[in-house]
Amino acid sequence: MAADTTDTAAGAATGGDTLAHIEAGLDALETSTEPESGRLRQVAASVLPPIVVLALIVAVWQLLYAAKIWPDWKLPGPSEVFSSLKDTFSGGDAWGAVGHSIGHGAVGFGASVALGTPLGILVGRYKAVRSGLGPILSGLQSLPSVAWVPPALMFFGPTPAMLYTVVLLGAVPSIAVGVMSGLDQVPPIYLRVGHNIGARGLASVRHVLLPAALPGYLAGLRQGWAFAWRSLLASEIIVQSASLGHSLGFLLKNSQDANDMSGAFAAIVLILAVGVAVNQLLFAPLERRVLKARGLA
Amino acid sequence: MTATVETSAPPGTVTSATGTAPAAVRLSGVGKTFAGGAPVLDGIDLTVAPGEFVCLLGASGCGKSTLLNLVADLDAPSSGTVEVPSGRAALMFQESALFPWLTAGENIDLALRLRGLSRRRDRQAETERLLDLVRLRGAYDKRPHQLSGGMRQRVALARALAQDTPVLLMDEPFAALDAITRDVLHEELIRLWEATGLAVLFVTHNVREAVRLGQRVVLLSSRPGRVAQQWEVDIPQPRRIEDKAVADLSVEITDHLRKEISRHGR
């Protein structure tokens, strides 16, 4: 029967044209017509709440300061910290310190990504590697990376190599675990479809596995950056040397040595600001874009 | 063409196809047992002729999906042989399983690329043609989540056609759709089948759907899945699911299906 009608596509119950119209109608009805909210509105919705919360924190801080529960040198007021911040910037220390730390952070994080990604793929893909390395990676993740500072210092001396070692030990496990969980969460049906349409071996990894694991990977990167930044600051605060230069950690430690509480707060504000900025300017938009394209956000 | 089709013989007299007839899919004595479990499929003899539309019907636990996985080469039989002379069979699921990181057009494009169409221009033209075929012209840049369930299944169908295999395996592809959309897609599928001459092996638990679509309906028993009985559907296409002839045969098949199911309640 099929052979007779193979060449003539016509002859559907409602006729080809009518069917096309019904389909077009269904498509139109079932496609969402929800308007996208304005860009300005979106920005306002994401920027306003944190500003309000920040203002509240400063207000409470000012109240505590005005109540004079603690002396000035224990709890400086917001205005003192602000002027201390201004001094650091006008003295030229701030930009140098921020630049120094971000530079170290970027190199350390980059190296962590380069190492953590293939490691995560190995652990995620091969059962034997996973049962061997999985628990060690999880253990490393829970170990405070500051613990690595003393041995790294003894091994490398107060050099950048010591900084990077601590950063790598902090960030690589986190990124590898991120990759691993990203791979775990790939719906098996994608792999079956991929296999069916001809994605085998490396092609399957490239066309199916990696893109499917991307959201989990990005979450892992974000967490990896947080670990890298923390590890870096821990080493910078503990270890100072000429070859490490004037970093944010140095700024903070210096304030402690000078018993300058507003200087210490100013340094912490800077460290926080860098962490928030990297997250909000780099990772958050990237993640949002990826999730939105997949209809997940 | 109809040489391999068994007539609607009384129960238990199913004869297997002769070995010499051309086949798009041929299963001989296929059994499947998963580690430590009872057999899921047992002694399945089933031949799908080139261009034939066969519906595979059964209750839960009849191993319909397992059988499709065997034909799609996603799993290997424990006994017997599965032959797909063309080497490959395209596969569709209940979910469209379109890749959400690609647009509708890119999903089709990937299938073409993996099929070995290396020139971008060729792929572009072929993707357009396939989208046109499933009447989704202009949906190239749409993401899967921006499409309705019925549209996603049409894109999935286009992707399956992009594989350019003579065999299409469908695993309850319309089960998650509303009745109106399903009805339209039935018609669409028959239109495409007639236009392409594909052999279709269509798995469903919906008797009416099986009779609406198939040239032949194969009823599987459950636990283990065996071919219980087959019916040739002589009702000419275009059929409608509301047709009296479709309803009458559905009643007959449903009675058999119920008998199969009630065996398990005792």
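Every residue gets a Cβ built from N, Cα and C, even glycine.
These numbers come from a predicted model, not from an experiment.
Under the heading domain 'ABC transmembrane type-1', TrEMBL lists A:98-283.
Sequence annotations record features per position, and here TrEMBL assigns transmembrane segment to A:47-67 (among others).
The transmembrane segment feature in TrEMBL is assigned to A:102-124 (among others).
The transmembrane segment annotation in TrEMBL covers A:136-156 (among others). Long-range Cβ contacts of the transmembrane segment (A:136-156) within its own chain (Cβ-Cβ under 8 Å, at least 6 residues beyond either end) map to 123, 162, 165-167, 169-170, 173-174, 176-177, 180, 227, 230-231, 234-235, 238-239.
Per TrEMBL, the feature transmembrane segment maps to A:162-183 (among others).
With a cut-off of 8 Å between Cβ atoms, the residues of this chain six or more beyond the transmembrane segment (A:264-284) that come close are 76, 81, 84-85, 88, 94, 97-98, 101-102, 105, 218, 221-222, 225-226, 229, 233, 248, 251-252, 255-256. Annotated transmembrane segment per TrEMBL: A:264-284 (among others), in sequence order.
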Remote residues contacting the transmembrane segment (A:102-124) - C-beta distance under 8 A, at least 6 residues beyond either end: 130, 133-134, 137, 160, 163-164, 167-168, 171-180, 182-184, 205, 213, 217, 220-221, 224-225, 228-229, 231-232, 236, 247, 274
Positions on the same chain near the transmembrane segment (A:47-67), where near means CB under 8 A and six or more residues out: 75-78
